[in-house]
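Novice: The structure's right below; bear with me while I get my questions together.
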Amino acid sequence: MKREMVFNLALLALILGVALWAQASDEPFLITLTTRAVIFAIAGVGLNFALGFGGLVSFGHAAFFGLGGYVMGVLAYHAQTYTPLFEAPLLIQGTKSMPVIWLVSILLSSLLALAIGALSLRTSGVYFIMITLAFAQMLYYFAISWAAYGGEDGLSIYVRNGFPGLNTMDPLQFFALCFALLLIVLLLVSLAARSAFGLALGAARQNEARVQAVGQTPYRLYLVAFVISGAITGLAGALFADLNRFVSPVMFSWQTSGEIMVFVILGGVGRIFGPVAGAVLFILLEHLLGGLSAYWHIYLGAILLGVVLFARGGLYGLIAGREVAHD
Amino acid sequence: MSLILLVEQTLNGLQFGVMLFLMAAGLTLVFGVMGLINLAHGSLYMIGAFAAAAMAQASGSFLLALAASLVCAAFAGVLIEVLVIRRLYDRDHLDQVLATFALILIFSEGTRWLFGSFPLFLDKPEWLSGTVILPFGIEYSLYRLAIILVGLAVAAGLFWMIARTRVGIRIRAGENDREMIAALGVNISRLYTFVFALGAALAGFAGALVGTIQSVQVGMGEPVLILAFVVIVIGGIGSIKGAFIGALLVGLTETLGRFLLPEAFALVFDPATARSVGASLASMSIYILMAGVLIFRPKGLFGSA
């Protein structure tokens, strides 16, 4: 347990150190790359809450990632064109304020997760995997055919949204914002994992029947976990869209779901910091292998295959020992 | 006129459904017998299409191209079963999803490396181009009609094989109780390889047939794979009959939805709104169908336990 803690801190120090070093040596691209890793880490932490703690293998978290992205895109688009979002029941304007966008992303992602979860959790196992995938795919096609917001081409936002007191167009300040959010999310998730709810959830993952016998309802536990998980991933989506100042249906695609899952697995399922390590490793691989060959996905596939077949438990499994088995 | 269009679209839906069945049959067999969820099934579809396109270019014969799609996809199936998939049977579904996701990455990039990013085209043979006149004077593409007939014949063959032959008995026995049939002296590992290769060959065959209508390109398999997932979720995982009914339902819903929904909305809204609302809803229709089936039957229409 102690070794894992040391590794957690080293990981955070590494991320922070790379960003600061990049700032000192004037390499804004490297800061952006680190910010990407941080945002992916948040998305991964979100998925890990359902996947690692609840044992819910969701292959459709792109739904929440994309929704977060589109919340940012649509709100900022209306603010940038000075057109109201709604007029009919009450007037709602677009906004360029990050905190508002984050709140709306979290709220809408929770609602979407509630709807998808309520339906999908009626099933389990392989059905659950396929159904979550299908729901994400449904939103993907919806985003493509939704011509009002760019359809297949997506939406470009010209200026990054603002945060009171900060200049978000400065790479380091935006990085700091994302990093702070990652820390908050990690803190909340570790608190939730240790709470009565988190313990009951872990118990439900291991043995549903016994949890039921002591008076808990697994379905309700799973649903709450799924909603929390979706909300975190939705927040990451809003940040990712803000990083690129662009949102497109690709954020909803099944590859995105797969990649978020890869962060979790590379790092180690069920470890609170696992997805952080996974996202950093993924960005590192993308950067190194991508420079090596245009077909770097072959290597990524081979590495992933190797991890699944021979190194279960991911990076954390290798470094901190296999204390937490995923079953 | 509109009625003729409706019949034509229904036939298109049937053709699409039959192709989906070829995909879904392999997925559902592999899941039913081995308990494995295989995302790389879409890659086998792609491999079949590329093999057919390459063979058609080399030999100019459509039949040889179809044979190449069957052989190459089955060979790729055997290869990945022996090298990778075999190690996954006892793993949980998460590991299976990830390992087969990794296979998709490898196959897609490998194909891009071999054939480039530009789509290839596979021409239908002369003896299958043109149209036929169906009863009531309806004109329909001969090739699509041939696909429907071939697909139905394959489906019938599959049903016959599973119901009547010794291999079929073993497959059904494998679904029920693996340990028992292994104890009875059936080489279970060879049976698994066979089932996997059979599913792969069907997927590759479907890829070649559809590749002739559309273009042959990297990433063509995954949209179909996801539809095939929807099909087997609706039909009930493991059930061939469910896959057949589910495939036809999805094929017809998808095709007729695209055709009828915009027309239906045009009765209420102005044409532009009707078109965009109709198109959005049509693209979601099969998922709504799936959600509907799951609300009433969480294990699919023909799923057991």
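From the backbone N, Cα and C atoms, a Cβ is placed for every residue, glycine too.
According to TrEMBL:
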TRANSMEM  B:12-32  transmembrane segment
TRANSMEM  B:39-56  transmembrane segment
TRANSMEM  B:62-85  transmembrane segment
TRANSMEM  B:97-122  transmembrane segment
TRANSMEM  B:142-163  transmembrane segment
TRANSMEM  B:191-213  transmembrane segment
TRANSMEM  B:225-252  transmembrane segment
TRANSMEM  B:273-296  transmembrane segment
Novice: Hey, which bits of the same chain come close to the transmembrane segment (B:273-296), Cβ under 8 Å, at least six residues off its ends?
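Specialist: For the transmembrane segment (B:273-296), the sequence-distant neighbours (Cβ-Cβ under 8 Å, at least 6 residues beyond its ends) are 227, 230, 233-234, 249-250, 253-254, 257-258, 261-266.
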Novice: Look over the recorded stretches B:39-56, B:62-85, B:191-213 and say which has the most C-beta pairs under 8 A to the transmembrane segment (B:97-122).
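Specialist: By Cβ pairs under 8 Å, B:39-56 leads among B:39-56, B:62-85, B:191-213.
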Novice: Residues sitting near the transmembrane segment (B:62-85): Cβ under 8 Å, six or more positions beyond its termini, same chain?
Specialist: 36, 38, 40, 43-45, 47-49, 51-56, 99-100, 103, 122-125, 128, 192-193, 196-201, 203-205, 207-209
Novice: State, in range form, which of B:142-163, B:191-213, B:225-252 has the highest count of Cβ pairs under 8 Å to the transmembrane segment (B:12-32).
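Specialist: Answer is B:225-252, with the largest number of Cβ pairs below 8 Å.
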Novice: What same-chain residues lie close to the transmembrane segment (B:142-163): Cβ under 8 Å, and 6 or more beyond its ends?
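Specialist: Residues packing against the transmembrane segment (B:142-163) from afar: 11-12, 14-15, 18-19, 21-22, 25, 124, 128-132, 171-172, 202, 205, 209, 212-213, 240-241, 244.
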Novice: Same chain, outside the transmembrane segment (B:225-252) by at least 6, Cβ under 8 Å from its Cβ: which residues?
Specialist: 10, 13-21, 23-25, 27-29, 31-32, 39, 41-42, 45, 155, 158-159, 162, 175, 286-287, 289-290, 293-294, 297, 299-304
